[in-house]
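J.: Can you read through this structure? Questions will come right after.
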Amino acid sequence: MDARLKPYGVAIIIQLIYTGMFIVSKAAFDHGMSSYVFVFYRQAAGSVLLLPLAFLLNRRTARSMSFMVLLKLFFCALIGVTLSLNLYHVSLKFTSATVASATDNSAPAITFFLALLLRMEHVKLKSWSGIAKLTGVALCVTGVLVIAFYTGPGLSPVNHHRAFASHASGPSPPVANPTRGAWVKWTFLMVVANVAWSLWIVMQAAVLKEYPNKMLVTAVQCVFSTMQSFVVAAVAERDFSRWKLRLDISLLAIFYSGFVVIGAAYYLQAWCVEMKGPVFLAVWTPLCFVFTMFCSSFFLGEIVHLGSILGGVLLVGGFYSMLWGKSKESRIDDGAQEDEQVQHKKHAAKDKEGQDHEMG
């Protein structure tokens, strides 16, 4: 592959990996896998992968973490991983993979709103960038409301012979179609999960300023979340027969989420951001919604409703509006900094000329 095209290919692969996560996770839940047990096994698999890597890559250069840093990472893991993932996956169990991928596009708007409340962000109401940000928030809220309260006609599955048939195995029957009230509740709980995730982004940004080692910070949080998720799963699933792993889609989902998502996708994201910047990677995020909508219909036989499609389109529109506003604001700030540097150089040159004239 041409080196110039490589970041584009990597960005698409990242979205395909996340699409696979939505599909195999939903399939595992349809087979009767407990969402709480799933989160524990997923984080345990991620810890097994990340801990040796963190040790090998940082054994000579890493400095020790203070108690306060560890405490902050514990709460980061509790809010952004344990709480967020458990709410997210139990909501996925009772909604659909399409809804899950659609609501992911609300994360930038939620993060911006939280950063605004914490005074880490600002908005200029009289500028196009500020209007774009507020429009993005409004579109995201509207999209969530459409998904929650409007079902609309359903589209027939692309493939009527499902690849992941839920009757094949599992300790309990698949989840029945939720009622309207349950659908609304689980959709909003999925948004709450994204709020927790967005809060984690804000909190982690602060921790990384204090301890700027991404690999160790990620590994420590993964270990903390594994312990926390075990406590949650032990309380929620007291029937330990539900913890038994079988050679079926549930085991595939655990290894896929633990190794492919936490390992490969996180590495590819870091590489892509380093090569082209965070905005480039973010632009491709809505592609996951399109992939998931098709794959959930093809592999899971899900009926995709018009409400989910319209809501997803609004969320994607809000996502791009936020992205455009943030990008325009960054360009303006960069331009202002460049002008300031130019003015500084001019003043320095004049001062030097004045000094030379006096000496002459």
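Backbone N, Cα and C atoms are what each Cβ position is placed from, and that goes for glycine too.
The feature transmembrane segment is assigned by TrEMBL to 7-29, 35-57, 69-88, 94-118, 130-150, 183-203, 215-235, 247-268, 280-300, 306-324. Per TrEMBL, domain 'EamA' is recorded for 10-132, 185-322. Annotation comment: TrEMBL describes 333-360 as region 'Disordered'. Under the heading compositional bias 'Basic and acidic residues', TrEMBL lists 350-360.
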J.: Other than its close neighbours in sequence, what residues sit by the transmembrane segment (183-203), given a CB gap under 8 Å and a spacing of at least six beyond its ends?
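T.: Beyond its ends, the transmembrane segment (183-203) has Cβ neighbours at 72, 75-76, 79-81, 83-85, 87-88, 90-92, 94-95, 99-100, 103-104, 106-107, 110-111, 114-115, 118, 120, 144, 147-149, 151.
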J.: Under 8 Å, at least three CB pairs between the transmembrane segment (130-150) and the transmembrane segment (306-324) (pairs 6 or more apart)?
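T.: Output yes: the transmembrane segment (130-150) sits against the transmembrane segment (306-324).
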J.: Limited to the domain 'EamA' (185-322), I'd like the whole-number average of pLDDT.
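T.: Residues in the domain 'EamA' (185-322) carry a mean pLDDT of 85 in this prediction.
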J.: Mind checking which residues reach the transmembrane segment (94-118)? Cβ under 8 Å, same chain, six or more beyond either end.
T.: 18-19, 22-23, 25-26, 88, 133, 136-137, 139-141, 143-144, 147, 175, 178, 182-183, 186-187, 190-191, 194-195, 197-199, 201-202, 282, 285-286, 288-289, 291-293, 295-296, 300, 302, 304, 308, 311-312, 315-316, 318-319, 322-323, 326
J.: Report the DSSP secondary-structure composition of the domain 'EamA' (10-132) as helix, strand and coil residue counts.
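T.: Going through the domain 'EamA' (10-132) residue by residue, I get 99 helix, 0 strand, 24 coil.
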J.: Take a look at 7-29, 35-57, 69-88, 247-268 and tell me which one has the most Cβ pairs under 8 Å to the transmembrane segment (215-235).
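T.: Going through each listed stretch, the top one turns out to be 35-57.
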J.: Suppose I define contact as three or more CB-CB distances under 8 A, residues 6 or more apart in sequence; do the transmembrane segment (7-29) and the transmembrane segment (247-268) meet it?
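T.: Since 3 or more Cβ pairs under 8 Å link them, the transmembrane segment (7-29) and the transmembrane segment (247-268) do come into contact.
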J.: Treating G and I as helix alongside H, and B as strand alongside E, what does DSSP give for the domain 'EamA' (185-322) in helix, strand and coil?
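T.: For that range the per-state counts are 118 helix, 2 strand, 18 coil.
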J.: Hey, which of 69-88, 247-268, 306-324 has the most Cβ-Cβ pairs under 8 Å against the transmembrane segment (35-57)?
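T.: Counting Cβ pairs under 8 Å, the winner is 247-268.
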J.: Which sequence positions outside the transmembrane segment (280-300), separated from its termini by at least 6 residues, show Cβ-Cβ distances below 8 Å to it?
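T.: Residues packing against the transmembrane segment (280-300) from afar: 7, 11-12, 14-16, 18-19, 22-23, 26-27, 30, 96-98, 100-102, 104-105, 108, 155, 157-159, 162-164, 269, 272-273, 308-309, 312, 315-316, 319-320, 323.
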